[in-house]
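Participant: Below you'll find the structure I mean.
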Amino acid sequence: MADDSATPGVRVPSHRYGRHYHRRKIKEAVDSISSLPDVILQHILSFIPTKLAITTSLLSKRWRHVWCDTPSLSFNDYRLEAPFIDETLTRYTASKMMRFHLHTSLINNVPHLESWIKFAMSRNVDHLSLDLWNQVANKFKFPDFFHINSSLKQLTVVLDFSDTMIAICLKKLYLSTCLLSDESMANILFGCPILESLTLDHCGGLRVLDLSKSLRLRTLEINCNIWVPELTAMQIVAPHTHCLRLRNSKLPCSLVDVSSLKEAKLNICIDSFSKTIKADFLQVTLLKMLEKLHNVEKLTLGGNFLQILSVAELRGVPFPMFKVKDLTLETVIFQYVIPGIERVLQNSPDLKKLTLLTKDFYHKPGEYLGDHMDLEGFNLDQCWKSKYGVFWNKSCLDVESEHVVSFVELMLKNTKALDKMVVLLEDHYVRFKEMVPRLSHNYNISIALYTFKPQS
C-alpha cells in the first residue's frame, strides 16, 4: 500500500525513515571521530569535565579506555563524592598529567584531599587547581609533600583561608577569596622563588604587597581587593614587574615602585564610588597612579577610571605626560568620559595605535558625577560640552551613530602621530560604517572596524 504522504513523482520520507536516517548520520559522525588517533581524542576530552569524558566509554569498544589516558582531570561538580573520584583515579593510566582540577563542597571529602593531591603530584602535574568551599577549606592544610614537588608550574587556589606554601618550581599562582596578611603573603612569595605571574582575585587584608624580592615576577593582576584595613590604599612594590592589571573595588592601589612596567590595564569598579570615598580623593589617587606609568608603552583604561579623570580635567588638575604608543579605551560613549579622554590623548604625543572597545562594559551611572560637579558650582550645560562644540548623550543607553562619528573624530583630532585605530562596536551603527572610508582618508590613518550583535 502506498504511503499516504506520497505524491506522484515525490516521496516524503516517513517518520520511521527519518529517525533511521538521523541515527545513521550520527553513527557516521561517531565513526569519523573514532578514526582519529588516541592522542587527539584525549586532547579533546581534556577540555570537558572528567565525569562527562568517562561517558564516552559507552560509545563503543574503541572508546572504552580512551579517557583513562587524558592529560587532564577535572572534577568540577562540587557534589562529587569520594568513591567516584577514587574509582576514577584507580582507572587513570596517564603517567604525565598536565592539569588536575578539584571543586568540592562536601565535608566528607576532606580526609581524601591529601591522597588526591598526592596522586596528582605522582603524575608530575603541571597545573594544580583547588576550589574548596568554606567548610572544606577551613579544615584543609597543604600537605608536607606539596612543598618539595618539583613538577608544579601553576597553582590556582580558591580558598577562604590564609596559609603559607612552598613550591619551588611554581611559575604561576592564582589566589581567590583568600584572607591574607602582609606576613603570609611574604612567606608565600619566599616559597616560590621563580614565580613569574601572580593573580589576586577578591583577596583581602593586604596593606603592602612587596614583590621586590620576586626577581622573575613579570605579571601582576589584582581584581577587586575586597577589604583593605582601615580604608588605606594597598601599596604595591613591584620593581621587576612588566605587566600590571588592576581593577579595584574599595580603593585604588598606591604604586610605590613599578619602574620596569611596560604594560598596564587600570579600572575601578562600582564600589569605588561609594559615599565614603569622595571623587576628589579618587582623582588625586588615580593621577598619582598615572604618574608612576611614565615608562608604560601599552595602556588600557576602563570607563570608570576615565570618568574620574574627567572630573580632574574639569577642575584643571594637571596631568602627567605619557610615553604610551598603544592605548585601549574600554568604555561606552557618553559625556562623562569625554574630558578625561581628551586630556589623556593630548598628553600622549607618541601614540601610534588607538583601540576603542565599547562592548557592554559596566559603568557607574554618570549622574553621580553630574551631581558632584553641580555641588561644586559647575555649569552642567557647559562643563560636559566638548571644546569642539559637541553636546554628548548623558546616558550610555542613548548612543546614536552621530555620537559614534563625533567620538571617533574627537579622538583623531587629539592625536598627532596616530597610524592605526581599531573600533569595536555594535553592528547597528550604520552611518558610522559608511563614514569609515572618509575618516580614514581625511586623517590619513588606517581604521579597522569590528562589529558585533548586541545581546538580547
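From the backbone N, Cα and C atoms, a Cβ is placed for every residue, glycine too.
The following feature annotations were taken from Swiss-Prot:
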DOMAIN    30-78  domain 'F-box'
REPEAT    177-202  repeat 'LRR 1'
REPEAT    203-213  repeat 'LRR 2'
REPEAT    228-253  repeat 'LRR 3'
REPEAT    278-303  repeat 'LRR 4'
REPEAT    333-358  repeat 'LRR 5'
REPEAT    396-422  repeat 'LRR 6'
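In the displayed structure, how are the listed features positioned relative to their neighbours?
Facilitator: When averaged over the domain 'F-box' (30-78), pLDDT in the model lands at 92.
Per DSSP, the repeat 'LRR 4' (278-303) is made up of 14 helix, 5 strand, 7 coil.
According to DSSP, the secondary structure content of the repeat 'LRR 6' (396-422) in residues is 13 helix, 3 strand, 11 coil.
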Participant: Quick test of the contact rule: Cβ under 8 Å, at least six residues beyond the ends. What residues does that give for the repeat 'LRR 6' (396-422)?
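Facilitator: Same-chain contacts beyond the ends: 332-334, 338, 341-342, 345-346, 348-356, 363, 366, 386, 388, 390, 429-432, 435, 439, 443, 445-448, 450.
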Participant: Could you give me three numbers for the repeat 'LRR 5' (333-358), the DSSP helix, strand and coil residue counts?
Facilitator: 12 helix, 5 strand, 9 coil
